[in-house]
Amino acid sequence: MAAFGRQVLDWHRLIPLTWACMARQTPHLGEQRRTTASLLRKLTTASNGGVIEELSCVRSNNYVQEPECRRNLVQCLLEKQGTPVVQGSLELERVMSSLLDMGFSNAHINELLSVRRGASLQQLLDIISEFILLGLNPEPVCVVLKKSPQLLKLPIMQMRKRSSYLQKLGLGEGKLKRVLYCCPEIFTMRQQDINDTVRLLKEKCLFTVQQVTKILHSCPSVLREDLGQLEYKFQYAYFRMGIKHPDIVKSEYLQYSLTKIKQRHIYLERLGRYQTPDKKGQTQIPNPLLKDILRVSEAEFLARTACTSVEEFQVFKKLLAREEEESESSTSDDKRASLDEDEDDDDEEDNDEDDNDEDDDDEDDDEAEDNDEDEDDDEEE
């Protein structure tokens, strides 16, 4: 009996030790409650379009009065949104818990909730989930949605179809980050426009499927470019500069403006530092690498590649712009002259037709007179 009593006392001594051990091993439980309240701090959105208000009941991330402050915050938020308090608080906590599981920090979640602009919490969660499935990390997702919050209003089915289409183009598995930074409208633009750009690169520019994927990844601005301008830019590199397909892809040539390309290329050409290769791909002088022409700043280009002063290059750019204006004006004059010639030819043809019609009428009149004379002769006989 005495032994049993000692055993009971030992159990009582072990109970507080067990709870202390559990508290040390799971410190995140209390922290998670504080985190949830801190995340709710900036969720109050005005009904006229998304101005975030700081609520006085929330003080800092380190100390939050719970549960009264949290209840007041959620109630204030949901009253502004016209949502039932119990239902809305549960939805907020569920969405925030999901975002935390995806790897978003407190700051990330605050930013995302501040840019949702009328989109429902479920819509926000669905769109973000699609981005995560495409291989994006939390930081790029926040940057893209802050830059283009209209993406949150996309129908989720459209988002999923576009995601599947981009994966077929090879833009999944983390390759979509740069595309979204440079061209976030890839999810909102017509799929036919994307198809037209891809078809142009494959059929007219003769890039391989792998090269097209690399171009879309490294030069996503081609998706916004006029197709005629894009084709001319490729032809300028291939025929005028003598650059082959692998070098065009490797140097990311298509991301640069045609003005910049022509200015630097023609400047080097007139300095005698660049030659268009012959049919065998040979030149009398070694041409500078494309990366040393386009992928450097203007100061570095002039100092290392062209070896001239800034003043000389500025004068050249003005002269080149004047030459192109004169060339365009002469081209327009030639077109106008050719149109005038065509109109004159049409007028001459119309006049010839009128003359022929008059001749036909005269012949008909002569025939009618001859027939009348023959009839008169017959009557006299």
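If you go along the chain as it appears here, the first residue is 1 and each next one adds 1.
Even glycines carry a Cβ here, placed using N, Cα and C.
Copied over from Swiss-Prot:
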- 1-42: transit peptide (TRANSIT)
- 142-172: repeat 'MTERF 1' (REPEAT)
- 177-204: repeat 'MTERF 2' (REPEAT)
- 209-239: repeat 'MTERF 3' (REPEAT)
- 245-270: repeat 'MTERF 4' (REPEAT)
- 290-318: repeat 'MTERF 5' (REPEAT)
- 310-327: region 'Dimerization with NSUN4' (REGION)
- 322-381: region 'Disordered' (REGION)
- 340-381: compositional bias 'Acidic residues' (COMPBIAS)
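Across the repeat 'MTERF 4' (245-270), the prediction's mean pLDDT works out to 97. Secondary structure by DSSP for the repeat 'MTERF 1' (142-172): 24 helix, 0 strand, 7 coil. Across the region 'Dimerization with NSUN4' (310-327), the DSSP tally of helix, strand and coil residues reads 18 helix, 0 strand, 0 coil. Broken down by DSSP into helix, strand and coil, the repeat 'MTERF 3' (209-239) contains 28 helix, 0 strand, 3 coil.
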